[in-house]
Amino acid sequence: MSALRRLGPTLLAPVLAVVAAIIISGLVMAALQVNPFDVYAVMVDFGDTPAQQMTAIVVILNRAVPLFLAGLAVAVAFRMGLFNIGVEGQYRLATIMAAAIGAAVALPGPLHVLLIVVVAMAVAAIWAGIVAVLKVTRGVSEVISSIMLNFIALGIASYLLTGPFRGSPEGASIISTAEIAESGWMPSLNWVFDALGLANPPRQLSGFLLVAIVVGIVISVLLDRTRFGFDLKATGLSPSAARASGVDSRGMVIKTMLISGAVAGLIGMPDLLGSTHSYTTDFTAGLGFLGIAVALLGRNNPVGIAFAALLFAFLDRALVPLQIADYPASVVTIIQGTIVLAVVISNEVARRIALRSAERGMAQNGPPPAVGDGGSGPAQPAGAGRATGAGQHTDERQEAGA
Amino acid sequence: MKAAALLLAGSMALAACASDEDSGGSANGGGGDSGGDLRIGLAFDTGGRGDRSFNDSAVAGLEAAVEEHGGEFRDLSPSADGSNRVDLLTQLADEGYNPVIAVGFAYGEVIGDVVEQYPDTTFAIIDSSAEEVGADNLTGLLFAEHEGSFLAGVAAALKSETGHVGFVGGVETPLIQKFEAGYVAGAQAVNPDIVVDTQYISPAGDFSGFNDPARGQIVAQGMYDAGADIVYHAAGGSGVGVFQAAAASGGRAIGVDSDQYQTVDDPALQAVIMTSMLKRVDNAVEAFIGEFVDGNVSGGTDEVYDLSSEGVGLATSGGFIDDIQGEIDDYRQQIIDGEIEVATTP
């Protein structure tokens with residue numbers, strides 16, 4: 001029950017948003033004379049043969065891993081009310097530095113990978129740290145400074161790639177850093193398919209999936225089970241109250257941005273260690289910005305972010321089969337856009353509902369009502385969410401008061 | 001709850017209406033009359049279909065080929081960040097499309113693994129070398145952009161009244177640097193003292209420069225303000241901004257890839273497009289499919305389309321360069337004969 005009470009409010013807004021997005025995009029499709037049910041059927045069709053189905057799952061998981069890490073990086077800062085828009089620049093700069101250093105050294109297997117990952121985390125953390133230092137010393141808004149640092153980071157990455165770190169031959173159409181030696185590659189997880197007796201797809205399942213899961217658990221514990229996580233959340237809810245109760249808010253800003261940056265540094269690692277083995281002009285861009293949407297949808301909760309990342313990855317995978325089936329691939333873009341819009345709105349709606357029933361619950365000086373009335377939302381989860389939302393809220397107040 | 005139910009019901013009702021009509025959408029290509037079993041797959045570069053330039057040129061080639069040989073084709077566009085390029089190729093191969101053509105050098109990085117995975121499918125890649133991949137089922141379709149750009153530089157220098165011309169590149173990649181190198185060399189061949197401004201919209205690794213007309217306009221405007229009267233762009237979708245800057249400052253511009261005089265769709269901008277450096281992706285695609293149908297794709301090699309095979313050249317639409325055509329042809333012949341060797345890097 002307590003798990004449900006915790007999950008309730010986390011679930012309400014995103015589920016509402018996804019349902020709204022599906023309905024709205026269905027309406028758009030219907031208006032365009034496309035049958036939305038056929039489109040949704042194509043999206044969930046993973047192929048006929050087991051190998052194709054497993055390939056689809058691998059594609060989704062491989063896409064979800066960097067999205068999850070990006071969402072996590074944004075969420076850590078967001079928990080404290082810091083809007084780290086600089087994740088994009090942080091991971092791009094981190095990836096090229098890690099790629100260059102990884103290519104320059106020769107170490108035995110696991111150490112080599114570890115060094116690359118640590119370099120990436122350190123570079124991104126330092127880059128995010130600049131934002132924090134500017135904020136605590138000069139009061140510069142982190143939104144402004146992190147956006148600006150994105151441009152600088154991309155500029156530096158581009159300079160390094162075309163200048164000192166250039167490893168590709170003159171005249172090659174794609175500029176890249178030198179390739180990392182095989183000891184610095186991360187093995188794929190395809191043995192899992194054999195172990196489970198499933199068809200082994202030709203696509204490699206990123207070994208970084210395990211790392212992402214571990215990072216997710218660590219961040220989850222850090223945020224929800226430690227003093228640090230409590231301070232962070234308290235500072236986010238009310239900086240002045242937190243300061244009054246002895247939280248060093250400046251230190252918190254710096255620590256939070258360093259952690260957020262360190263996680264951001266991991267975003268490029270699945271590709272770098274698993275498939276490209278070098279940083280190229282073509283390295284996947286934009287993950288930092290997608291991370292903001294993923295974190296929003298996941299309500300800054302690691303489990304929620306995991307689901308959000310999987311959902312976005314699932315939608316992205318549908319781009320190709322939709323085109324094959326002669327449906328407009330922009331459906332995916334519409335759904336993703338509507339989700340983001342809807343999640344912002346439904347977050348607010350959920351917050352108000354929670355607040356209202358909490359107030360009512362306190363007025364009655366008893367447990368919150370089990371079922372609210374009115375409002376909108378899908379039948380079961382919404383009802384449950386609303387009631388437990390109130391519970392969560394009063395819990396928070398008690399915690400804060402304690 | 002009521003609202004949600006209403007929405008759901010509404011969407012179902014609308015959906016039911018919609019499904020009365022055949023929702024097959026635009027059947028791309030559509031089977032030719034001969035009904036041959038030629039099924040061609042095409043994976044676009046970022047920007048996808050409708051860019052009025054590079055990608056559309058490839059489609060024009062496909063349409064011509066389907067017209068001639070029958071069959072059908074399917075074209076797929078990558079996601080905005082291009083992260084699903086492998087999926088496009090594998091999906092096309094899985095669906096039995098053969099040959100599969102990848103448009104753009106960005107596929108060069110991933111196509112090696114794909115051709116290995118589908119040894120029975122014939123692949124071609126535009127703007128990337130197949131020789132470095134070394135697979136029998138992959139052909140590279142390359143263009144001598146520097147040669148065509150040389151002629152663009154010649155035309156610009158001959159037509160410039162201020163002795164000052166400009167070049168706007170989309171993204172500072174080796175491919176676009178080929179355009180710059182040829183253009184500068186051509187301009188200097190006519191007038192050794194000419195001033196050539198060159199600028200790129202975005203640095204390597206940031207592909208926004210190919211699709212940012214606003215920044216294209218700012219960069220070109222700066223050149224016109226500094227005294228340039230003709231600006232050549234190799235900036236994909238950003239090129240429209242260059243044309244707008246030309247129209248605003250009474251200058252002229254040179255288009256790229258397609259005959260942009262024909263494709264720009266705006267009389268005010270049409271008037272400033274002096275010529276375009278044609279990159280005949282359509283010819284290359286059509287020729288490749290012809291070879292495939294005849295069964296003589298050599299594979300593992302590159303086919304280079306240059307001035308001699310009319311793979312690159314200058315457009316004459318609008319008649320702005322008719323008076324200098326003789327001089328342009330002289331240079332063209334000299335390049336074909338090997339008397340002038342155009343560098344590929346600036």
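Cβ atoms here come from the backbone N, Cα and C positions, even for glycine.
Record features (TrEMBL):
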COMPBIAS  A:378-391  compositional bias 'Low complexity'
COMPBIAS  A:393-402  compositional bias 'Basic and acidic residues'
REGION    A:361-402  region 'Disordered'
TRANSMEM  A:12-34  transmembrane segment
TRANSMEM  A:54-78  transmembrane segment
TRANSMEM  A:90-107  transmembrane segment
TRANSMEM  A:113-136  transmembrane segment
TRANSMEM  A:143-161  transmembrane segment
TRANSMEM  A:205-223  transmembrane segment
TRANSMEM  A:252-273  transmembrane segment
TRANSMEM  A:279-298  transmembrane segment
TRANSMEM  A:305-325  transmembrane segment
TRANSMEM  A:331-350  transmembrane segment
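Scored by C-beta pairs under 8 angstroms, the transmembrane segment (A:90-107) has its highest count with A:113-136, from the stretches A:54-78, A:113-136, A:252-273, A:279-298, A:331-350. Tertiary proximity for the transmembrane segment (A:54-78) is limited to same-chain residues at least six positions away from its ends with a CB under 8 Å from its CB atoms, namely 46-47, 84, 87, 90-91, 142, 193, 198-206, 208-209, 212, 215-216, 219, 223, 236, 256-257, 259-261, 263-264, 266-268, 270-271, 274, 284, 287-288, 290-292, 294-295, 298, 300-302, 305-306, 308-310, 312-314, 316-317. At the 8 Å Cβ cutoff, the transmembrane segment (A:252-273) and the transmembrane segment (A:113-136) share at least 3 close pairs (sequence separation 6 or more) and count as touching. Residues 14, 17-18, 66-75, 78, 85-92, 95-96, 99-100, 150, 157, 161, 165, 168, 174-177, 264, 267-268, 271-272, 304-309, 311-312, 336, 339-340, 343-344, 347 of the same chain sit 6 or more residues outside the transmembrane segment (A:279-298) yet have a Cβ under 8 Å from a Cβ within it. When Cβ-Cβ distances below 8 Å are used as the criterion, the transmembrane segment (A:305-325) is approached by residues 14, 18, 39, 42-43, 45, 56, 59-65, 67-68, 71-72, 75, 216, 290, 293-295, 297-298, 331-332, 335-336, 339 of the same chain, each at least six residues removed from its ends.
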